[in-house]
């Protein structure tokens with residue numbers, strides 16, 4: 001007796017389903033799910049896989065997204081605790097990690113996350129040996145180094161979300177001050193994602209007009225308009241959002257989808273993201289920091305050589321020394 005499906009549909013060929021544009025997200029917390037919805041709404045993948053250790057939450061998030069399939073153009077959304085669901089991914093985004101406990105030192109948090117990465121990374125490598133790794137978990141620069149060391153991947157394929165969001169926050173705040181859309185406000189925040197990031201004031205411009213040329217005090221303590229406060233707001237903004245709602249999610253999710261788009265579509269756009277910076281700016285250690293990188297289908301193919309002031313370069317070097325101080329203590 002023919003089934004309803006057989007009566008309705010005549011099959012013409014036996015297909016083997018191998019995804020061409022698969023994206024995996026590891027960790028289905030607030031950040032992971034914000035990445036997932038942002039990626040789904042940009043139609044970047046033909047399959048999205050979610051992985052986590054919390055099975056009920058994982059299944060619930062998967063089902064909730066699947067129920068929105070009519071409104072999306074991603075035909076397959078899967079999940080599992082077992083990494084076999086991640087097979088054949090082009091891009092794997094890692095948002096999983098331990099949350100900082102009150103009073104916990106950053107070094108202790110890092111070591112806890114290293115232990116988590118020691119489980120995650122080999123599983124990803126096993127099922128998607130040719131993927132790009134995009135690390136979002138904090139502290140992102142150190143964990144990108146950890147992912148690079150554990151994976152054995154070439155450095156172009158291990159990317160940290162870095163200062164992509166810091167720079168976006170900066171451009172938003174700059175736009176608010178000037179009454180101009182952030183897309184038309186240009187400015188770069190480089191270095192370590194977080195407290196010691198470096199705003200490159202010399203490059204801040206609208207329509208190619210340098211703000212520093214118009215207003216030489218820009219970004220200095222002598223500045224009557226206190227533009228330096230804009231960078232301080234960028235540094236403090238995550239803490240403020242966490243204090244108000246408990247975590248950050250939407251902006252980082254959108255920022256990650258922006259990076260995913262450059263990779264999946266081979267756009268070769270320039271982003272301030274974390275890459276192995278050894279050999280640049282007099283840095284001699286294996287540290288990952290954000291510099292402007294050309295991002296495409298092979299990950300980071302090139303970096304843009306930014307002209308920094310002596311102070312800016314010194315800040316970058318200081319960040320590198322701090323990171324190396326932590327990295328050399330890590331137990332793999």
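Note: Cβ is positioned from N, Cα and C throughout, glycine not excepted.
According to Swiss-Prot, the feature N-acetylalanine maps to 2, an assignment based on similarity to another entry. Under the DSSP three-state reduction, residue 2 (N-acetylalanine) is assigned to coil, being neither helix nor strand. Annotation for residue 2 (N-acetylalanine): no spatial neighbours, criterion Cβ-Cβ under 8 Å with sequence separation of six or more.
If you look up Swiss-Prot, you'll see 5 (among others) marked as N6-acetyllysine. In sequence order, no residues are near residue 5 (N6-acetyllysine), counting only same-chain partners six or more apart with C-beta under 8 A.
According to Swiss-Prot, the N6-succinyllysine annotation covers 5 (among others), on the basis of similarity to another entry.
Feature annotation from Swiss-Prot assigns N6-acetyllysine to 14 (among others); the stated evidence is similarity to another entry. Mapped onto three states, the DSSP output places residue 14 (N6-acetyllysine) in coil. Annotation for residue 14 (N6-acetyllysine): no spatial neighbours, criterion Cβ-Cβ under 8 Å with sequence separation of six or more.
Cβ neighbour count for residue 53 (NAD(+) binding site): 14 (other Cβ atoms within 10 Å of its Cβ, all protein chains included). Here Swiss-Prot flags 29-57, 138 as NAD(+) binding site.
Here Swiss-Prot flags 57 (among others) as N6-acetyllysine, drawing on similarity to another entry. DSSP assigns residue 57 (NAD(+) binding site) to a helical segment in the three-state reduction.
Look at Swiss-Prot and you will find 57 tagged as SUMO2 cross-link. Sequence-distant contacts of residue 57 (NAD(+) binding site), defined as residues of its own chain at least six apart whose C-beta falls under 8 angstroms from its C-beta, comprise 28.
Counting every protein chain shown, the Cβ of residue 81 (N6-acetyllysine) has 12 other Cβ atoms within 10 Å. Per Swiss-Prot, N6-acetyllysine is recorded for 81 (among others).
Swiss-Prot lists 106, 138, 169, 248 with the feature substrate binding site. Listed in sequence order, the residues of the same chain lying 6 or more apart from residue 138 (substrate binding site) and placing their CB within less than 8 Å of its CB are 97, 193, 194. In three-state terms derived from DSSP, residue 138 (substrate binding site) belongs to neither a helical nor a strand segment and is classed as coil.
Summarising the annotation, Swiss-Prot assigns N6-succinyllysine to 118 (among others) and lists similarity to another entry as the type of evidence. All chains included, 13 other C-beta atoms sit within 10 angstroms of the C-beta of residue 118 (N6-succinyllysine). According to DSSP, residue 118 (N6-succinyllysine) sits within a helical segment.
According to DSSP, residue 126 (N6-acetyllysine) is assigned to a helical segment. Residues annotated as N6-acetyllysine in Swiss-Prot: 126 (among others).
Taken from Swiss-Prot, the feature active site, proton acceptor applies to 193. In this view, residue 193 (active site, proton acceptor) is surrounded by 30 other Cβ atoms within 10 Å of its Cβ, with every protein chain counted.
Remark: residue 224 (N6-acetyllysine) has 217 as non-local neighbours, by Cβ distance under 8 Å and separation of at least 6 in sequence. Annotation source Swiss-Prot lists N6-acetyllysine at 224 (among others), citing similarity to another entry.
Its own atom aside, the Cβ of residue 232 (N6-acetyllysine) has 11 Cβ atoms within 10 angstroms in the protein chains shown. The N6-acetyllysine feature in Swiss-Prot is assigned to 232 (among others).
Under the heading phosphotyrosine, Swiss-Prot lists 239, citing similarity to another entry as support. Counted within 10 Å of its Cβ, the other Cβ atoms near residue 239 (phosphotyrosine) come to 12, all protein chains included.
Within 10 Å of the C-beta atom of residue 243 (N6-acetyllysine) sit 9 other C-beta atoms, taking all shown protein chains into account. Residues or ranges marked as N6-acetyllysine in Swiss-Prot: 243 (among others).
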Euclidean distance between Cα atoms of residue 118 (N6-succinyllysine) and residue 126 (N6-acetyllysine), Å: 13
Distant-in-sequence Cβ neighbours of residue 37 (NAD(+) binding site), under 8 Å, six or more positions away: 65, 253
Integer Å distance between the CA atoms belonging to residue 53 (NAD(+) binding site) and residue 118 (N6-succinyllysine): 14
10 Å Cα neighbourhood of residue 53 (NAD(+) binding site): matching recorded positions from 81, 169, 232, 248: 81
All-chain count of other Cβ atoms within 10 Å of residue 29 (NAD(+) binding site): 18
The one of 33, 41, 45, 49 whose CB sees the fewest other CB atoms within 10 Å, among these binding-site residues: 41
